[in-house]
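Annotation source TrEMBL lists domain 'RNA polymerase Rpb2' at 52-116, 151-201.
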Amino acid sequence: NYLRRCVEGNRHFNLAVGIKPGTLSNGLKYSLATGNWGDQKKAMSSTAGVSQVLNRYTFASTLSHLRRTNTPIGRDGKLAKPRQLHNTHWGLVCPAETPEGQACGLVKNLSLMCYVSVGSPSEPLIEFMINRGMEVVEEYEPLRYPHATKIFVNGVWVGVHQDPKHLVNQVLDTRRKSYLQYEVSLVREIRDQEFKIFSDA
């Protein structure tokens, strides 16, 4: 409206008057304070419970609150499948910790030993292994080295190595010396002749 009046009246446009600086911050403050995520004028259509006050009753309750997951399905539904644990939840979601009543099974918690990794770039690790005798998959000749161990980084086949035991020990050593992130997982499958590395989140 202010811009239109300035154009119609051929007046100088003042940026400080035309733009309200508190629009975004006020909206965020409202959403964080009430938990209703969305426009203040359209409170009915906004999502409720996105931001919550952190439970500080005990240390265990704080950890439980931080590691809680919510399935965005109506609480009054009669379907049993969304409330049950899936096979892929094995070791990740606690089978016992869930509230009673309508939210049973829809609100889940991560298991005690479950850890969410942050992730780290894989390029320096691949470069490190190339310098330690890893042959890049593009240059690999299967007839020359039929028993070479395949190396996978985040599910991608990057190369092969003739002496996997020595390479695994070298990569393990770099992780122990904290040159590599401690959350990077290393798995050597001797039977399958594979060395799997996961550094993603």
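In case you wondered, yes, glycine gets a Cβ from its N, Cα and C as well.
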Helix, strand and coil counts within the domain 'RNA polymerase Rpb2' (52-116) (DSSP): 17 helix, 9 strand, 39 coil
Across the domain 'RNA polymerase Rpb2' (151-201), average pLDDT on the 0 to 100 scale: 93
